Amino acid sequence: MSQQVIIFDTTLRDGEQALQASLSVKEKLQIALALERMGVDVMEVGFPVSSPGDFESVQTIARQVKNSRVCALARCVEKDIDVAAESLKVAEAFRIHTFIATSPMHIATKLRSTLDEVIERAIYMVKRARNYTDDVEFSCEDAGRTPIADLARVVEAAINAGATTINIPDTVGYTMPFEFAGIISGLYERVPNIDKAIISVHTHDDLGLAVGNSLAAVHAGARQVEGAMNGIGERAGNCSLEEVIMAIKVRKDILNVHTAINHQEIWRTSQLVSQICNMPIPANKAIVGSGAFAHSSGIHQDGVLKNRENYEIMTPESIGLNQIQLNLTSRSGRAAVKHRMDEMGYKESEYNLDNLYDAFLKLADKKGQVFDYDLEALAFIGKQQEEPEHFRLDYFSVQSGSNDIATAAVKLACGEEVKAEAANGNGPVDAVYQAINRITDYNVELVKYSLTAKGHGKDALGQVDIVANYNGRRFHGVGLATDIVESSAKAMVHVLNNIWRAAEVEKELQRKAQHNENNKETV
């Protein structure tokens, strides 16, 4: 009988470290709910002691996610563990994940300590975490470069202290699969109490071996795999969860393990993470790339037509990528749009039907037929722009030509007031941005601009993603329209609203802090 491999997602903690702009609490919650639908067993959603914003996002997710265990990261530091527990206490059940470096290099140069002191600290902090929860994970940072005898000592001590999961990270992506499997096997041979804990692995992709190392570890006895959707993460990224999950499913014959993942949600979750994090998926990415199930060779095409299994070891449908359907038009009613969203697996809580239908009608009037990918794009944009808006694009027009200076006129609703400005620029998009900057006086600096076609052919929607710098912080904005300049303008307005909301959140946090301080003085 096969054993279950626990899937531990760290998209919102380790994965977020790779992003050019931090995610909002709402965006993190949206990803967390998608991960919950996909069936991840554990989700690590932040490092609460690092900032009030991270604390709030962990607390918000812990309050709303019910079917996956929510986890927060903490160093082997008392305050880290206490703050993590405070952020998680609203959850029905939670995990605290604490870590300390164990390799000779890290102990000597980073911690300026000794192995004995590290073990003593690990024992104390695991016990402290156990005061808050019976689910404690302990990580040996840089385990891949830790001598097996030293690693075994740390692991045995952490388990004796109460750790229920022991994580073995290849922190710098250094080990080879056969080496990593040897580390796991070595621990099973050397640690007498190893049956009292789940052995987990956390691999990085610096040498392109993260997935291979994780699978080798599973084959050697690891029963939890940590990673991020689409493999996002600092440097070369984390282990791609979707790749590990599908490898376990497809090669169950030799691995003899399974996961509790709802495979039909993989595609949609991957796309959502890509869009919210503003990290496009390469076409040749395994499992979720746009070319993952494409066949251009004549020999391959012929073979697939005769029997898909000739060249496909899994089907698009197995990850929730269904065939494109069409024929929604401006004559289609709300019920038809809702029915199609239901068929694509969307719950009513994931989109606002009134807003979606209004956007659908406008798009249908422009392009005639509306496809599944159009609906998904409209639903995504609508979800991103549900929050209160201070700025709204009221009107814009541009004039440009091959030998002319581009000029733009823009009207922007700023709260209750509508303001208008005109500006020249290096092309129509730049002219629009210059006009918007004049209206708001925010002096936003564009750092990154990308355009993605949502759909096929000349009627495809254009999605613009931008990253902008304001007062030393980076903000992400997204816009969608059939017109590229309009998409660009909407993306900048989205950035402005994100800046405004961030300022409002900061004011609220300061108000709460002052309130707490006043209460202390009263006591």
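Glycine is treated like the rest: Cβ placed from N, Cα and C.
For the Mn(2+) site that Swiss-Prot gives as His202, His204, Asn238, the extra residue drawn from Asp14, Asp41, Asp404 is Asp14. The helix, strand and coil residue counts that DSSP assigns across the region 'Regulatory domain' (392-523) are 52 helix, 59 strand, 21 coil. Least packed by the Cβ count within 10 Å, out of the binding-site residues His202, His204, is His204.
In the three-state DSSP scheme, Asp14 (Mn(2+) binding site) is classed as coil.
Look at the binding-site residues Asp14, Asn238 and count other Cβ atoms within 10 Å of each Cβ; Asp14 has the fewest.
Listed in chain order, the residues near the Mn(2+) site other than Asp14, His202, His204, Asn238 are Thr10, Pro169, Thr171, Thr203, Ala210, Glu226, Gly227, Ala228, Gly233, Gly237, Cys239, each with its Cβ within 8 Å of the site Cβ centroid.
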